[in-house]
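Report on one structure; see the data block that follows.
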Ligand SMILES: Nc1ncnc2c1ncn2[C@@H]1O[C@H](COP(=O)(O)OP(=O)(O)OP(=O)(O)O)[C@@H](O)[C@H]1O
Ligand SMILES: [Mg+2]
């Protein structure tokens, strides 16, 4: 499923790319700060997202950027020059390849960002910052990144069982269905990852993109949340919400956020509820191949 603004436009919509700081469009608050290209990546990130994690550095949050930098040549070598046999999948951000880093003797997943401008670059920076500062057994580990010229790539730990979507919703023939205990284990692990973002990080982090394709599975179906390019810092002080452009994936987006652009931690809790329904029913959040009354999972569950 592609990453799209909940309002229905493609997330690669270029119409809203002007470098203004805050404006209104189609009733939705658009809030995009221009990137300060004069500063190094890590400094820009820390200026924009100054936060720490409660519970000491072991649990993540020493404040230092731990991700390594790689050259494009290193990553091209690791993926046999992005050969199709190394392709793991493709999302709205770009293609993901399996790679082997000879220097560290590590199998990795390398996401190559589509080269189409500022919006993608911002998501890239947010992803590097978030995953560099947030460490938890239920959040995917970012090993490093590459920002050579106009190339933007992210290097993650390789998750051998792919995404929850691959096991739950789009099962290839001959693949075993997940048993109930495994489903519950995955749901509990995803909830722990979300709890870390909401309750341990300070200020809290709103994930904004919780869905089955972003829950990656390791050995023994150990789940980890991935894709933090849309993540936002949550409200601080007396504020109840942050106002932002409505982004996310149709079917998972909380209706009040989609209507008002007012983002709260509860927006993630709504998405978690949709994922839980998918885990329990084995149905997709939105399935256009079904009869009209059954296409939207939440509506169908409310009034089957
Ligand atoms: N670290 C990883 N290890 C193994 N496979 C991965 C990893 N990251 C991504 N993948 C695979 O690549 C596919 C595409 O991932 P990607 O995050 O680009 O898109 P998506 O989540 O499917 O869609 P969207 O862009 O809308 O979030 C995933 O479904 C998964 O199968
Ligand atoms: Mg993803």
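Cβ atoms here come from the backbone N, Cα and C positions, even for glycine.
What you are looking at is a predicted structure, and each value in this text was computed from that prediction instead of being measured.
Pulled from TrEMBL:
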- 1-60: region 'Disordered' (REGION)
- 12-26: compositional bias 'Basic residues' (COMPBIAS)
- 41-51: compositional bias 'Basic and acidic residues' (COMPBIAS)
- 82-304: domain 'Protein kinase' (DOMAIN)
- 111: ATP binding site (BINDING)
- 209: active site, proton acceptor (ACT_SITE)
- 214, 227: Mg(2+) binding site (BINDING)
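Location within the structure of each feature annotated in TrEMBL.
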residue: 111; record: ATP binding site; DSSP (3 states): strand
residue: 209; record: active site, proton acceptor; DSSP (3 states): coil
residue: 214; record: Mg(2+) binding site; DSSP (3 states): helix
residue: 227; record: Mg(2+) binding site; DSSP (3 states): coil
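Restricting the average to the domain 'Protein kinase' (82-304) gives a pLDDT of 92. The local packing around residue 111 (ATP binding site), expressed as other Cβ atoms within 10 Å of its Cβ over all shown chains, amounts to 24.
Remark: of the recorded positions 209, 214, 227, the most isolated position is 209 (fewest other Cβ atoms within 10 Å of its Cβ).
Among the recorded positions 209, 214, 227, the residue whose Cα lies closest in space to that of residue 111 (ATP binding site) is 227.
A Cα-Cα distance of 7 Å separates residue 227 (Mg(2+) binding site) from residue 209 (active site, proton acceptor).
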